[in-house]
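Visitor: Attaching a single structure in C-alpha cells format; questions to follow.
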C-alpha cells in the first residue's frame, strides 16, 4: 500500500476535504432553510432570510465601512510598503533581512498585545485617535506587511535587477526612473496579488475593530458578532455572504497568480 | 545611498505602530499603582486564575498544534502525488480555511454542534453518545483545529515539495514502502522546517482571540480573553495587569520563535503562505 499515490491517500484527501467543507455546507443549507429543527435536513427552503439580510440597511452600512477602511488602509500600505521592499532588496540588504524577520511578526506578537499598547498610546495627545475609523486604517498598515513582502519579494527574485539597472544607467537613466518605468511594471502582478489577499485579511479582521473602535463604527465582522445571538438563519446568511466574498477574493488572487506565472 | 530613503516612511510607520505601543506595554507592566516594581508580575504569577488561564491556553495550543501538524504532514504527502489542479485547489481551500476564522467560524461551529446543530441532531437520532456543549473547551478545540489544519497544510506543502522525487523513487525501487520512506527518511529530512512550522502554529493558537471570544465569550479562561477583559473598561479593568500578562505571553511566544529562527539558520520558511495568521 503506497501512501502517496494509492487509494488510501485519495480517500484521505476526500475525507478531510469533506470535513473541512462541512461547516460551510451546513451554513449554506441553514441560510436557505424554512424550517430546520429536530430534523437532519430542513423540511423546506426559502430565500426570505437572505432577502432580509441583503435589504438590511445596517448590513449594507457595515459592508460599506469594511470596504472603505480596507481600501484606505491598503492604499496607504501599498504606498509605504512597496517602495521600502524594493529599496531594501536592491540597496539595503541589512534592512531586507530585518523585513524577512518581520514576516512572522503577526504570529510572534498577537493582535491583542498590540491592542493593549494602542489603547494606551492612542488615547492621549498627540495622537488621540482611539474610537475613530482612523485608528483602524493606521493599525491595519502593519497587518498588510507580511503578504506584501512575500509576494513582492517573489516577483523581485524573478528579475535580474542588476542587469536592468546597469542597462538603464548605460542609456543615461537614473535609478528612480528605472525603478518606476521598468521594475514597477514587472512587480505589478505581485503587488496585485498582495492587495487582494490583504483585502481578504482586513475584511476578516475582528480584534482591532472590536477593541479599538467597537460599536462606534460597525464593520462587517462587528455586525456579524452583534447578530450572532439573533435568529440562527440570519447569522447563517451573513456567514454565507461573507464566505462567498472570501471565495471571490481567493479566486481573483489565484487568477492573478496564474497570469504572473504565465508571463515568466 | 539616496535610494535607501524610499524605505524611510515605512520604518517611521513601524516605529509608531509597533515599537511605540510595544514599549508602552513593557514600561507600563512595571508600573504598579504609580511605582516602579514587579508588583504586577508577582500578582499575575501568584494568581490561581491567571495561572489557570496560561495552563488552559498552553494545553489547547499544544494539542491543536500536534493535530494540525499530523494532518498537515499527511495531507502534504497525499497532495505531493496529485496533479497540479488538485494541489492548487487544496491550497486555495487551505488559504480560505485559514481566513475563515474568527466570528464566522464560531458561528459555523455553532450551526454544526450547537443545541440545534446538524451534528447534535444526527447523534441524537442515531442514539449515539457524543453530543457535547459547544460553548466549552471541546468546542474551542474543534474550532482551533479547523484553522490549524488549514494553516499547517499551507505551510507544509511547499516544504514537502522540496523533497526530491528521485529519492522517493529510489526507495520504492529498493522495495521500501511509501509509508516507511516518509517515516524514516522524508519526515526526518524536513524535521527542522516541521519544528519551525509547529512553533508558528503554536503561536497562532496562543494568540487567537476572535474565534475564542465569539464562541465562548469569557467563559473559557484563555490568556487573550483574560487580557481583553482587563482593558475593556468594565469594573474588572486593570490595564497595568494586562501589560504584565501581555509581556508574559510575548515571552512564551518569542522564545521558541527566536530559537527556531536561529536553528533554521536564516532559512526562510513558507515562501508562499497565502494566508495570514489567525487573529
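Each Cβ is built from the backbone N, Cα and C atoms, and glycine gets one as well.
Per TrEMBL, the feature domain 'ABC transmembrane type-1' maps to A:63-253. Per TrEMBL, transmembrane segment is recorded for A:67-86, A:98-119, A:131-150, A:182-203, A:234-254.
If you look at the structure here, what lies around each of the features I listed?
Guide: If one looks beyond the transmembrane segment (A:67-86) by at least 6 residues along the same chain, the residues whose Cβ comes under 8 Å of a Cβ in the stretch are 99, 133, 136-138, 140-141, 143-145, 148-149, 152-153, 156, 179, 183, 187, 191, 195, 198-199, 202-203, 219.
Long-range Cβ contacts of the transmembrane segment (A:131-150) within its own chain (Cβ-Cβ under 8 Å, at least 6 residues beyond either end) map to 65, 68-70, 72-74, 76-78, 80-82, 85, 99-100, 102-106, 114, 118, 122, 191, 194, 197-198, 201-202, 205, 208-209, 212-214, 216-217, 219.
Tertiary neighbourhood of the transmembrane segment (A:234-254): same-chain residues 24, 27-28, 30-31, 49-50, 52-54, 59, 193, 196-197, 199-200, 203-204, 220, 223-224, 227-228, selected by CB-CB distance under 8 Å and a gap of 6+ residues from either end.
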